[in-house]
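Copied straight from TrEMBL:
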type	residues	note
DOMAIN	281-370	domain 'Histidine kinase/HSP90-like ATPase'
REGION	350-370	region 'Disordered'
TRANSMEM	6-23	transmembrane segment
TRANSMEM	30-46	transmembrane segment
TRANSMEM	58-91	transmembrane segment
TRANSMEM	127-145	transmembrane segment
Amino acid sequence: MPQGFWDLFFAVVLVGVGVTVAFERGPDTAYAELAIVAIAGLYGLWGRRVVRDGRAAAWYAATIVLAFAAGSYVVGTVNYVLFAVCPMLFLILTLRKAIIAVVAANLVPILAGYVRGGQDYEFVTVYGPIFVMTTVVSAGFGLFITRVMGESQERAQLITELESSRAEVGRLSHEAGVAAERTRLAGEIHDTLAQGFTSIITLLQAADPKLADERLRLAVETAKENLAESRALVAALTPSALGTDSLPDALRRQVTRAATNGTPATATFRTTGEPRHLPTALEVVLLRTTQEALTNIRRHAGATEVTVVLAYAVGRVRLTVRDNGCGFTGGESPGFGLNGMRSRAEQAGGTLSVRSAPGQGTTVELEVPA
């Protein structure tokens, strides 16, 4: 039970007994009221801070039992304060110490009445069973209080652990998000700026003077597109190739540029199905996959023919990039490019397959839901 419940319970008991004592108007009423006020004050100023605090809790328990004994001695009605004293003892003491203190507290009314009235042995025999009964009831109630407090502490500990776990999950999620964003940016840079710079180097290193002007023009155009891509990355915008063109136009331009560069000698692009607008994220995946596949062909395949097909179907779009180059075996590492394409496909909920064999070319096929 929450601390607020016990605060209210003790207040009701102490105030109720105090008012009852006040109506008795006896010669010792003031002393009894003082004892009740002392118990209330000790609880408010001291008791709430010494829960399970070893020596301090023991001193507090002894003090309120003495205050209760003093009040019980002068006015018998103060005995009802026992309904507050016993729970107090179980709240602040360990179970064994609380039981001992409760036995002592329940013995107070009998001893006080005996000393006050000077009763004989018969008084003890009459009130002895009452003492036993009240002690057993108080102990049972105390065990209940202890159990409830234990459950409350376990619940509080569980809540603390859950909050700590939630904070840890939040931290790990943030770190995972940062890592994913870094991976995404690395892929963007690899698929755009790095490929563009490679193209510029290849064009400028061309040895044929007859093609120098055309190669310089392509180098300048590629550099301008790289600049646009870098600005788009910084601003987290759509790739520049998709800024003004549709996806088929952007892919056709990539294929045309690949053919203009001379490797491969022939590059064709076509679409099947009814073209439709796709979410920007999917268009980016399709564009980047095309760029990476064409770059791999230029660097490694030695192909003379390349075909790129963008197929629109119900509920999906499929991109196929096929070349007649040297191919490779399944055990050869395709490098970052293919890994990046696979990562993009997974993020888009699609699949990427690569089929190749030595001397038989390579086919890259990407299918995404759309």
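Yeah, the Cβs are placed from backbone N, Cα and C, and that goes for glycine too.
Curation plays no part in TrEMBL annotations; they are all automatic predictions.
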Mean pLDDT for the domain 'Histidine kinase/HSP90-like ATPase' (281-370), rounded to an integer?
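On average, pLDDT over the domain 'Histidine kinase/HSP90-like ATPase' (281-370) sits at 86.
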Going along the chain, which residues at least six beyond the ends of the transmembrane segment (6-23) come within the CB cut-off of under 8 Å?
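For the transmembrane segment (6-23), the list is 29, 32-33, 36-37, 39-40, 43, 48, 75, 77-78, 80-81, 83-84, 87-88, 91.
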